[in-house]
Amino acid sequence: MKHKQEQWTSKIGFILAASGSAIGLGAIWKLPYMTGTNGGGAFFIIFLLFTLFLGLPLLLAEFTIGRHTKKEAISAYETLAPNTPWNWIGKLGVFTAFLLLSFYSVVGGWIVIYLIRSTTLNLSGLSTDDFSNIFNETISNPFMAVGAHFLFLLLTIIVVKGGIQKGIERYTKIMMPALFILFIVIVLRSVTLTGSLDGIRFLFIPDFSSVTGETVLMAIGQSFFSLSLGTSIMVTYSSYLKTDESLPKAAGSIVSLSIFISVLAGLAIFPAVFSFGLEPTEGPPLIFIVLPAVFSSIPFGSIFFFIFMLLLLFATLTSAFSLLELVVASVTKNDKNKRERATWKYGLFIFVLGIPSALSYGIIADIEIFGQTFFDSLDFLVSNILIPLGALLIAIFTPFVIKKHVLFEELNKGSSLKRWLFETWYFLLKYIVPIAIIFAFLNLIGII
Ligand code: PHE
């Protein structure tokens, strides 16, 4: 018997779920520390430009593929180009999501631990060194790191097994608005600290002298990562969208929300860091060490710390939902009867796969692959190779396989799209996006 395809109950449900997928560790954890270690404003501005000129066109391409076929990632490509190797794009995406979720949830686990700790820990009087010890203790204790990684995945499984409407949409509709409100509370606190202006300057006044080829590449990767592109997650999510909704409008809202949160993240972190004379170049531990140290020295700091960890947990969970959904939808071909079992099965499999990442700051810290810990190597493989590769293939596939008038019709549904906007999108997707990614790859292997 043919089962009925799941659907988002409303357009806003879709927008919140898709922006929930986009907004996560990329915007709140990676972007601030990358901006901090790559010279501030210049990196931030390059990132914003790539988001608009590379990310947005790709997002629209994934939306078009998903909504046009109304199929999950693997079947969507199979439908558009039957019996060709193109459906490997979907398989590559599912594989990437597997790997990504396995270490994403390790960081999710750290956040769970910090959140629990924030309810009991008395922050006042603790210095950056104390927080550095707390952080190292947390990530190096094998039971804590693996246990928290499990807990985080368990939360993800419980939501995703409920399906689109009763699972993902239901929880994202609460978590995303809460995230926006909590974020505004944190930003207001941060920008009203004395000396915060230096942080705002650091974020917005670019100094292009510190920009290198590598910085530009990292900014490309970051703009894809931050919009959840390249894995066909956005293909899957848009396949549950009704035909009368406008894709360009939805994509515009999602990109705006994601940029908005990226700016808020910068505004939450840098003013606070500068105001306390701390270093913005701390790298990955920035939000786990420097930020708590800032909170420890302001009145009601523990409450702000709790709020920040809670919003970070919401952001991370809503991204994790999309990663697991991509896997589950693809392996079950959206058969509702198989969903619950498959969610448990693949969720637990991802848990096992993530154990080495969870241990890679502790007992297996000495085991290195290409000079990096297991965790960092996986992150490198996913963020700098698999995601850009998926993005490149999607940018080639869309104009090459789908007829131009079909693309126009799909994008024109719901609200009419101006021809010149369509042509601009088509041009960016067909030429600019692939060229940018190919340059990035050539640079990565040292050819240019
Ligand atoms: N966009 C998510 C984040 O920024 C990460 C992600 C990447 C999720 C790719 C799904 C696919 O945290």
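Including glycine, each Cβ sits where the backbone N, Cα and C put it.
Note: TrEMBL annotation is automatic and uncurated.
Residues annotated as transmembrane segment in TrEMBL: 12-29 (among others). If one looks beyond the transmembrane segment (12-29) by at least 6 residues along the same chain, the residues whose Cβ comes under 8 Å of a Cβ in the stretch are 104, 107, 165, 168-169, 172-173, 175-177, 179, 222, 225-228, 233-234, 237-238, 240-241, 245, 250, 253-254, 257-258, 261-262, 265, 284, 286-287, 311-312, 315-316, 318-323.
Per TrEMBL, the feature transmembrane segment maps to 41-61 (among others).
Taken from TrEMBL, the feature transmembrane segment covers 92-116 (among others).
Listed as Cβ neighbours of the transmembrane segment (143-164) (distance under 8 Å, sequence separation of 6 or more from its ends, same chain) are residues 6-8, 101, 105-106, 108-113, 170-171, 240, 316-317, 320-321, 324-325, 328, 336, 339-340, 343-344, 347-348, 350-351, 354-355, 357-359, 361-362. What TrEMBL lists as transmembrane segment is 143-164 (among others).
The annotation transmembrane segment is assigned in TrEMBL to 176-197 (among others).
Per TrEMBL, transmembrane segment is recorded for 217-238 (among others).
Annotation source TrEMBL lists transmembrane segment at 250-274 (among others).
The transmembrane segment annotation in TrEMBL covers 286-314 (among others). Residues of the same chain lying 6 or more positions beyond the ends of the transmembrane segment (286-314) and with a Cβ under 8 Å from any Cβ of it are 28-29, 32-33, 36, 108, 110-112, 114-115, 118-119, 121-128, 130-132, 134-135, 175-176, 178-179, 182-183, 185-186, 189, 193, 268-269, 272-273, 275-276, 278-280.
According to TrEMBL, the feature transmembrane segment maps to 346-365 (among others).
The feature transmembrane segment is assigned by TrEMBL to 385-403 (among others).
Annotation comment: TrEMBL describes 424-447 (among others) as transmembrane segment.
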Highest-contact recorded stretch vs the transmembrane segment (217-238), from 41-61, 176-197, 346-365, 385-403, 424-447, CB pairs under 8 Å: 41-61
Closest-packing stretch to the transmembrane segment (385-403), where packing means Cβ pairs under 8 Å, from 250-274, 346-365, 424-447: 424-447
Interface check, the transmembrane segment (41-61) with the transmembrane segment (346-365), three or more C-beta pairs under 8 A: no
